[in-house]
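What follows is a short report on a single structure.
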Amino acid sequence: MIVFCVIVLLLPVCGSVPLTGWVQSPGHPRGYDPDSSLTWKECAPTGHKITLTLIHLDLEESFECEDDSLKVFADDELLITLCGRKSMKELQSSINPSLHSSSGGCLSVSFLADYSNPERHTGFRGFYGIQDVDECEDPDNECTQLCNNYIGGYRCFCRPGYTLDPDKHTCQVSCSEDRTGSPEGVLTSPGRPEPYPKNSVCSYTLAVEEGLQFELTFTGVFDVEMKENGQCIDSLTIKPLSGDVKTFCGRDLPPFFLTRSQQVEIVFNTDHKGENRGFSLSYRVKEMNCFGPVTPTSSLISQHSDSEYPRGSKVKVKCDKGHVLRSNDSAEVEYESTCQKNGKWSPVIPCESVDCGHPELPELVELSEKDPPTTYLKQISFKCKSQYYQLDKTGSFTCNAEGNWVSESGQKLTEDLPKCEPVCGMNSDVSFGGRVFGGKRVALGQIPWQILHKSSPRGGASLISDYWALTAAHVVDGYEENTMNWLGGLIDGLDKNPVIMETEKIIIHPNYQKVGKNGNPNKFDNDIALIKMSARVTLGPNIRPVCLPNKTDEIVAEGTVSGFGRTEDKLRSQYLLEGLVQIYSLDKCDSRGLPVTHNMFCAGGDNIDSCQGDSGGPLFSPVLGYGSPDKPYRLAGIVSWGPPGCGNSFKGYYTKVQNYLDWIKETMEKN
Ligand code: 4AZ
């Protein structure tokens, strides 16, 4: 009973697991029978292992022990397979040392004899036991300092001056200190001048009453472990109650330092390796002064903005250029401030950046960026909301100190707002084949400036902006200003969904006159009129303006004429037709005696002519299909009149648009 209790005290597991015992093959030592077998397994308690010592082995020898075999497993993994005969010496030297389980693991044996036994074999015998595992021998035991093994476990412990971390493995220096109220002193890394300890976190608190601060001076060698790339491995961090946190490491002595705060925490952190000599830091209380500037975007009037001021000092603060006081009166930029006992200025009124705000923009113009910053020196630029428009001028505007957006040349945005103007002379280029007199069918979007007045009289016009169109005066003569409807965006006169435009103004050229013998009303001089639509025409791929000619360009040699007018066989064309015509000087055309003026030119093609119903429509160049952004389509002429009959050897007469550029410009500006 006494013996049992002693064992119980030494090894709490001894009651349940036998300490030692024998394991042997069936029939040992007489010999085992064919087909005999044995399995055996023992497990160790925590901190222990099971060992097996074979003292005898005599099994039938076979290739890879495939006949009879003894297999030993540790934690279900095969350690060794044995057969044949082995001497005690052999067993002790090369087999037994490996026959043990892991700490807390199991060891098992499986013996198997096959059906035949040509000669008698005595089998095997071994004894097993439980052994304590020395975890301290294990290099992976994770004790950072000292290790103590005991039966069934191990314990880490620390050298004097260190405490064991709650993780039970790490030794830490007990180095934290609260020096509240201490006006001066020295802080050093633990163990200085020896290398500082590993795995430590030292936190030192310095604190004094309000109105005071600390002056920190590093002395002697500074050596805190740092990576080659400058990153800190160990670190010394200075955390004032208010203000910037600073972290130091490496070998450069940190500079003299004022905390600007009545309390500061100094934290020294080290990792698990390295031999470095640490730091020495002396501290001294100093009166807290105020520092300029009072706010980041201000300066002091007639004083140095970045010096120190004793308590009670009064300074005049002025906001930097482009900044104003955050107060009701936004124009204010100056105020007086006094240095308080706590080293802080009072009052402190922030100087805020002037904000130019989002400018009010004309219709169709928008900011290039969605919600750009609009404060002092920020830049904005513009774009058009639609691809069918372009800005009349490029460049960006900058928010100036007075709160105005100004261009690079200094012009105020409000005085010169950018405008979006329709891109002229561009079509949606699609090649189209098909069959004015001798004309070809036009595809949708090919002549997007062509618009149509369907009847009384049937006639054409050309959009020259998103409000204005040009036509022949004789087409609109007699109409009340707002009684005409024009159709656009169509190539089929019977299109059910054309763009309908209503006229707001019809302005016939003041010198327009019908001329002709016997009051024949079909020949005209100054046959040109401007129509203003009552609403902005929504431009798109099929409805866009044509460009006007340049004032100084030579009259072009050829162009395309288009319209919904009379064809060889029909009084009116359902579809928009176009044809290529050559342009001639007036003396090359036969007007059949009818009077001509230099406000006209004549043109015609190979059996191609404009005719009744085409009047007012465009003659433009380059010829359809040859326009490009560098060479936009320009309106050279307006279909006007011709000698009787169309498509014969007589040419058609067109109003020469180039002669009316000033009138067009002035009229559009005035209306
Ligand atoms: C017309 O009566 C008309 N061949 C238009 C053009 C031409 C002739 C007549 C040119 O509207």
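Cβ coordinates are placed from backbone N, Cα and C, and glycine is handled just like the others.
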Recorded disulfide counterpart of Cys589 (TrEMBL; options Cys602, Cys611): Cys602
As recorded in TrEMBL, which of Cys290, Cys384, Cys399, Cys420 forms the disulphide with Cys339: Cys290
Whichever of Cys384, Cys399, Cys424 is disulfide-bonded to Cys420 when TrEMBL is consulted: Cys384
Listed co-binder of Ca(2+) 3 (same site as Asp234, Asp271, source TrEMBL) among Glu225, Glu228, Glu287: Glu225
Bond partner of Cys356 - disulfide, per TrEMBL - picked from Cys319, Cys351, Cys399: Cys399
Local Cβ density at Gly153 (Ca(2+) 2 binding site) - other Cβ atoms counted within 10 Å: 14
Euclidean distance between Cα atoms of Cys399 (disulfide bond) and Cys232 (disulfide bond), Å: 43
Chain-internal residues near Glu135 (Ca(2+) 2 binding site), provided their CB is under 8 angstroms and they sit 6+ positions away: Gly47, Ser103, Asn141, Cys147, Asn149, Gly153, Tyr154
Neighbourhood of Cys83 (disulfide bond) by C-beta distance under 8 A, where only residues 6 or more apart in the same chain count: Leu59, Glu60, Glu61, Ser62, Cys65, Asp67, Asp68, Ser69, Leu70
Any further residue of that chain within 8 Å (Cβ to the Cβ centroid of Glu60, Asp68, Asp114, Ser116) of the recorded Ca(2+) 1 site: Pro34, Ser62, Asp67, Ala113, Tyr115, Asn117, Pro118
The domain 'Sushi' (354-422) - residue tally per DSSP class, helix then strand then coil: 3 helix, 23 strand, 43 coil
